[in-house]
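Novice: Pulled from Swiss-Prot, these are the listed features:
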BINDING   67-70, D141, 177-178, Q188, R191, 228-231, 278-279, D303, S306, 337-339, K352, 390-391, 419-420  NAD(+) binding site
MOD_RES   S279  phosphoserine
MOD_RES   S357  phosphoserine
MOD_RES   S524  phosphoserine
REGION    512-557  region 'Disordered'
Amino acid sequence: MEPAAEILVDSPDVVYSPETIEARYEYRTTRVSREGGVLRVQPRATRFTFRTARQVPRLGVMLVGWGGNNGSTLTAAVLANRLRLTWPTRTGRKEANYYGSLTQAGTVNLGLDENGREVFVPFSALLPMVAPNDLVFDGWDISSLNLAEAMRRAQVLDCGLQEQLWPHMESLRPRPSVYIPEFIAANQTARADNLIPGTRAQQLEQIRKDIRDFRSSAGLDKVIVLWTANTERFCEVVPGRNDTAENLLHTIQLGLEVSPSTLFAVASILEDCAFLNGSPQNTLVPGALELASQRHVFVGGDDFKSGQTKVKSVLVDFLIGSGLKTMSIVSYNHLGNNDGQNLSAPLQFRSKEVTKSSVVDDMVHSNHVLYAPGERPDHCVVIKYVPYVGDSKRALDEYTSELMLGGTNTLVLHNTCEDSLLAAPIMLDLVLLTELCQRVSFCTDSDPEPQGFHTVLSLLSFLFKAPLVPPGSPVVNALFRQRSCIENIFRACVGLPPQNHMLLEHKMERPGPGIKPGEVVATSPLPCKKEPTPATNGCTGDANGHPQAPTPKLSTA
């Protein structure tokens, strides 16, 4: 991958220093009030000052479930890219890349060049970001297999790549992890040979020691902890037990019910490490969220949005956005990896069902023309375990929508999702974006005291099926709204306006700034153009707005 050109915003509102990028930014919104039968809309503007630290830290990543399919695949991906590996396959030679990563393979539009052409740059070029090849990995797993053996067990990567990675991954071994049998399926017992002993309080302290040991031994500036282990059953929120930070810490000391993932979350927060939950269970109970707020530590979740659900968050947005009333969504999955085996247990499946079913809620609520209050589509989710297909998950969806005048439209989609190869770049983005957000602060003219983002990092919603948001905030699931949020906030950090896709420069009769008078600019090679077809309605222009002779009147004789 070629390095991106340096971006320098030439504006009096943007100041570059060796330490920071400081940008003045006007945030424009509207406030709507109801007065009788009138909706009164008032434009508003707030002046922000964003400061982004330019110094990129040495970053460590600790994965809970490091020896699983996702953990071993992400580790292999970073090593393969760092070593610039290539390997033969039956369809030709392949080389390591970061396809599927928003930050590494996505682009953003900077604007128009002197010829009126759009200029795109890698997402990672907008702001100083940790290079993925520089990440340092460690983690925990209830299975004692080293990462090379875990990679072979996962059966995700080509043999030619596994052989080259083997000597680099063989020395990587997960630390013992927490195993509480009642939280995951009974079929996971056979893997559980690498466990932290003791009480819940002792296990919590051991996790904290592991984080401190990794930080010091690897010479790290920061550590981020990410849960990519088994889906757990939901944990009941009980007043007096896990509803406040104090109660949750007391519950751990007493050895009462706390899920393994919540133990890891609490340990991470106490060590001032951001914690990200890649599974669907309610790891971040109210007490954990309060603890994160008290210590100003980022948390994010829940459940990686990688395959079927990512497609759903695009497709339903398209259907409802097109004015079609989607009334039935039926989603069927079968997969054969360890995630599928764990989800074959009813309580663990229920956790997944909840996150996969809520993904269309905001799109339905956005259109009261189509949906009456309380009305929503029928939504059914089925997951089955089929060992033979391994990590190659099959997803089948049927969407049925109502059309005008009583018609119906049914769309059926088959999607083969390479589960871990889709999840690994999402994990990468979560870590890189979270770290970058830790270096951003801002203030407003009315509140000049610098602050950071809310500790519930909802900016990461693009990457989660059931995104956590601060109390009272709207939950957004529509994929392109989520992506625009990330892009436009980062544009604000360098003083650029939000991407609005208007392209008014190309829609004016007399071209505006950036377009030479009379010049027609094509953004891509065009095929040979047919001669203009005379209009049948008396219009005197072709489809491109070029004048043409009036349509001759046909003789009626």
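In case you wondered, yes, glycine gets a Cβ from its N, Cα and C as well.
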Novice: Including all protein chains shown, what's the count of other C-beta atoms within 10 A of the C-beta of R191 (NAD(+) binding site)?
Specialist: 20
Novice: Give the number of CB atoms, excluding that of S420 (NAD(+) binding site) itself, located within 10 Å of its CB.
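Specialist: Counting Cβ neighbours of S420 (NAD(+) binding site) within 10 Å gives 29.
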Novice: Including all protein chains displayed, how many Cβ atoms other than that of S279 (phosphoserine) lie within 10 Å of its Cβ?
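Specialist: Other Cβ atoms within 10 Å of S279 (phosphoserine): 25.
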